[in-house]
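A.B. asks: Handing you this structure, nothing more for now.
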Amino acid sequence: MASASYHISNLLEKMTSSDKDFRFMATNDLMTELQKDSIKLDDDSERKVVKMILRLLEDKNGEVQNLAVKCLGPLVSKVKEYQVETIVDTLCTNMLSDKEQLRDISSIGLKTVIGELPPASSGSALAANVCKKITGRLTSAIAKQEDVSVQLEALDIMADMLSRQGGLLVNFHPSILTCLLPQLTSPRLAVRKRTIIALGHLVMSCGNIVFVDLIEHLLSELSKNDSMSTTRTYIQCIAAISRQAGHRIGEYLEKIIPLVVKFCNVDDDELREYCIQAFESFVRRCPKEVYPHVSTIINICLKYLTYDPNYNYDDEDEDENAMDADGGDDDDQGSDDEYSDDDDMSWKVRRAAAKCLDAVVSTRHEMLPEFYKTVSPALIARFKEREENVKADVFHAYLSLLKQTRPVQSWLCDPDAMEQGDTPLTMLQSQVPNIVKALHKQMKEKSVKTRQCCFNMLTELVNVLPGALTQHIPVLVPGIIFSLNDKSSSSNLKIDALSCLYVILCNHSPQVFHPHVQALVPPVVACVGDPFYKITSEALLVTQQLVKVIRPLDQPSSFDATPYIKDLFTCTIKRLKAADIDQEVKERAISCMGQIICNLGDNLGPDLSNTLQIFLERLKNEITRLTTVKALTLIAGSPLKIDLRPVLGEGVPILASFLRKNQRALKLGTLSALDILIKNYSDSLTAAMIDAVLDELPPLISESDMHVSQMAISFLTTLAKVYPSSLSKISGSILNELIGLVRSPLLQGGALSAMLDFFQALVVTGTNNLGYMDLLRMLTGPVYSQSTALTHKQSYYSIAKCVAALTRACPKEGPAVVGQFIQDVKNSRSTDSIRLLALLSLGEVGHHIDLSGQLELKSVILEAFSSPSEEVKSAASYALGSISVGNLPEYLPFVLQEITSQPKRQYLLLHSLKEIISSASVAGLKPYVENIWALLLKHCECAEEGTRNVVAECLGKLTLIDPETLLPRLKGYLISGSSYARSSVVTAVKFTISDHPQPIDPLLKNCIGDFLKTLEDPDLNVRRVALVTFNSAAHNKPSLIRDLLDSVLPHLYNETKVRKELIREVEMGPFKHTVDDGLDIRKAAFECMYTLLDSCLDRLDIFEFLNHVEDGLKDHYDIKMLTFLMLVRLSTLCPSAVLQRLDRLVEPLRATCTTKVKANSVKQEFEKQDELKRSAMRAVAALLTIPEAEKSPLMSEFQSQISSNPELAAIFESIQKDSSSTNLESMDTS
């Protein structure tokens, strides 16, 4: 410490030197010292350092002054509070000095100090005291109006301080407002401009009284309209407030918008520009309140989009060059001060109109059809705009319209809607000829910026409507070639042109381009040879696509590709051989050459084997190996049967070695490559090559990565079919891993299917020790040897499926095995595990093989229905259903008879029936539909909910077999007097909805509204199942319910309310316990709301939606958890709406986070509260991602509370870490 003080006093001494270099070096050294975390200053040193730095601010040398200012930043955080106050006092005094240089340096110093203060949310006392000190001095400096430059600096600092520390100055806000308002009429426009900026920052954190005073002042001044100059300023000010605090100004729009509309009609271009800019900020920041005025705003924008009084467009076809009046091809973004004619300000009005239309189009999804009628044609007509900056904004607005039209949601592609002929997509389709006509002329413009806009537009158009340009390729190709060949084209323009060409090639059929290949190949080949790597990279993508165009392998083509092969090959091989090129170019050269060999390899002659040798080299390189594996997979799968023999000997062992690399994408790619090589090149592979691969397989077959396991098993299946002799090697570790995987509870889906295919392929190869009985013993052994009982029920299902797969492959073995399983079920000494496996195996075998010859099968299974084990009973039920599928005439009448005659076994028998309906073919079931239907209806009023649910599922799945007849019948039962029957039919509808198209869909769409009317049913349970059905439709097939939302949502929202009459007290011994019978239905309603956010967001009134989210934040644990999830989604989907409601959302979140559990509560209560806090904190973290959220005083205060509470701070920190690591993972493309 002493040595530090000595060193610093040395520096201070040098700072008094008459030599400016000494002073500079000493100040620089002090700066270095202050930046060290370890530095500690005693009081005396602090005082001296502060005094010296303040003295150096007045140094004669500018460089020393600048360094001294920089020292203020680290100094503020190293000295005590009263020293910081000394610094601030001195700087404020100096700001009013007569010396201009001292004023300037002091204002920079103040900004530096403010920038170093801890943020308002940290609750720092230092920040509060310093800001209060500065504020008084600044307000008087601003109010004096003596020296404009002082005023401007003071306004600048005030704005800076309000933006960073506005929340700490709440007590000063009224005086700040009082000093700022008069500046809006200052004779100096610069003063007005900075005042507007300061007011913009003030409204983010000021209280309501100050905000109301400000708005009332602006409204009254606007109404007076004293001078055009001040009116312009007030409109600008309102726009700035709206941009910074749109969520607060919304309620005043009813008064503001009529005034702004009125001023649009005044003949003053500058005022018009500001008015339209104000509209833009209202549209973006006050979506709900601006809604009634959107049509007016659109009309005003459409009017002024074409406002060009000083220019005559006459007939645009006459004068090709009219577009580019100023003849510039300057690529810079023009500033506000650049325009063609000093007196003509009309371009700024047109630009404001284009930007405002952009805002409207981007924020009002629900008006898309309307936009295509009015806005789209108007924008297309303005592609001819003569002012380049305006033209860029017109293009941008149209791009926004296209982006809104992208069919990301299923309802946009809904076939029913498409037939109506007025969807956004069909309307866009009809306007494509006009778009192309307008762009065609612009694509030959001198202006680079214009041509880039054209390419972006075409790219987006094709992404939205693939195939849209089929008729227009002849018109567009010359424009693309023009930019590729143009010597004056910038690199970015060429990249955009290539990228556009690539998207067009990918999204249209090859035949469309055949007439243009001759013109396209030379410029693309030239771009592949371009010295700039980004152009090369993009050109290689295009080349790869061109190869597919000139010789498509998936369809017949008469086009002669021969003249182009040499050029395409030569330019690509040059890039493939180059060693020092960019990584992306390397990869794309490999992919492109892979495509050339795949599609044109039979025309390459001797070049083929040389190129394959290069591939072999690339396979040995860690950086290029994955891309090369993918290229080889492509080549090996080519129908041209390319000769790969020259590289297989060396290549296959290299591929085998990749299977042990710790890179998942490489393992998967390699397994695909090996699979296709075995299929197509088995005669060229040796036993040694295959053994090398087999040696690497055991570690890949494991439950830790099911996808890799699935690929490995598929490879083994191919091997069994194509190269059966190699399988003798697998009986050791590979087979052990496979059998281990069959017993894993995680084996299902694609991996299970692959496993079944493998066993069927293996058992017929006749490999030693791998015959039917050997494999059967391996699979079922553990169940019979009591030592290793399988713990998971899923394992039994997997083994049974494998047994059935083996039996299907060897049908002769079937009767004996089935007989053995029947004995296992009958045998009184069999364990439950053995019975379980035997029943499931009988079911799986009987599903595919008719077992009606086994006479005692029925009685054995029915006997198992009486087992004390629930799992055995469930397996018997499944087995009976599955066996029935194998011979419906024999078993289905038997099952129906049993359901009628055996009431005690009804539940299990209904499960058997469900299995039959789910699995049997439609044709097989058709004759029995009426009998099944009649039986089910008898049981749909059963008081037992479990039975009713099975009946409902059967009814729903049965309806799918003959929807025309059965759906109207289901609908008929909605008027049943029994609430049980009504709930059964509503639940049945849920099972008719799936996420893929079905014949029932149009019929369902017509009548689902009737089923959803049960949301008004008097019975609570019927309403609950109606919500569950609605949720299923919203999730799986939103097109069914989109048009019903206006009538459904009020009933849905109604069910989110807590009902006092459904809450009752139950006495449990000495304790009283509260039971809420309405909880389940509220939960169902909130689940529907969550689903609607993903599937029907554009049809929701988000503010009404938020009202109910707010209620949910104060509800039961389960519902709070759901609403926290909703807040996370809403923060991403509609940030501006959430921002408007932020203050109302913060309080319930704070309440959850600060709730304490009673000390004597059970452990479960503590865990629940902990989970609630974590979820609430996730919601808070999501809310804070909304720009400007932390500027809300309540949110800022809550943040301080979190950071000052160690428990909450720790939770919050871990959540932020989690979210950042999740973001990184999602970026990892491998």
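For all residues, glycine too, the Cβ spot is worked out from N, Cα and C.
In case it's useful when we look at the structure, here is the feature table from Swiss-Prot:
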type	residues	note
MOD_RES	A2	N-acetylalanine
MOD_RES	S335	phosphoserine
MOD_RES	S558	phosphoserine
MOD_RES	K971	N6-acetyllysine
REPEAT	83-119	repeat 'HEAT 3'
REPEAT	563-602	repeat 'HEAT 13'
REPEAT	688-725	repeat 'HEAT 16'
REPEAT	770-808	repeat 'HEAT 18'
REPEAT	890-927	repeat 'HEAT 21'
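Burial and contacts for the listed features, if you can.
C.D. replies: Every protein chain shown contributes to the tally, and the Cβ of S558 (phosphoserine) ends up with 6 other Cβ atoms within 10 Å.
Note on K971 (N6-acetyllysine): other Cβ atoms within 10 Å of its Cβ, all shown chains, come to 15.
Regional average pLDDT for the repeat 'HEAT 3' (83-119) in the model is 85.
Beyond its flanks by at least six residues, the repeat 'HEAT 13' (563-602) meets 517-518, 521-522, 525, 528-529, 533, 536-537, 540-541, 543-544, 546-548, 550-553, 608, 611-612, 614-615, 618, 623-624, 627-628, 630-632, 634-635, 637-638, 640, 642 of its own chain at Cβ-Cβ distances under 8 Å.
Long-range contacts of the repeat 'HEAT 16' (688-725) within the same chain, counting only residues at least 6 positions beyond its ends with a Cβ under 8 Å from a Cβ of the stretch, are 648-649, 652-653, 655-657, 659-660, 664, 667-668, 671-672, 674-675, 678-679, 682, 733-734, 736-738, 740-741, 744, 746-747, 749-751, 754-755, 757-758, 761-762, 765-767.
Under 8 Å from some Cβ of the repeat 'HEAT 18' (770-808) lie the Cβ atoms of residues 727, 730-731, 735, 739, 742-745, 747-748, 752, 755-757, 759-760, 762-763, 814, 817, 831, 833-834, 836-837, 840-841, 843-845, 847-849, 871, 875, all in the same chain and six or more residues away from its ends.
DSSP places the residues of the repeat 'HEAT 21' (890-927) in helix, strand and coil in these numbers: 35 helix, 0 strand, 3 coil.
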A.B. asks: How many Å lie between the Cα of S558 (phosphoserine) and the Cα of K971 (N6-acetyllysine)?
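C.D. replies: Here the two Cα atoms lie 56 Å apart.
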A.B. asks: If we skip the immediate neighbours and take only residues 6+ beyond the ends of the repeat 'HEAT 21' (890-927), which ones have a Cβ under 8 Å from one of its Cβ atoms?
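C.D. replies: Residues packing against the repeat 'HEAT 21' (890-927) from afar: 847, 850, 852, 858, 862, 865, 873-874, 876-878, 880-884, 935, 939, 944, 946-947, 950-951, 953-954, 957-958, 961-962.
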A.B. asks: Per DSSP, what is the residue tally for the repeat 'HEAT 16' (688-725) in helix, strand and coil?
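C.D. replies: Residue counts for the repeat 'HEAT 16' (688-725) by secondary structure: 31 helix, 0 strand, 7 coil.
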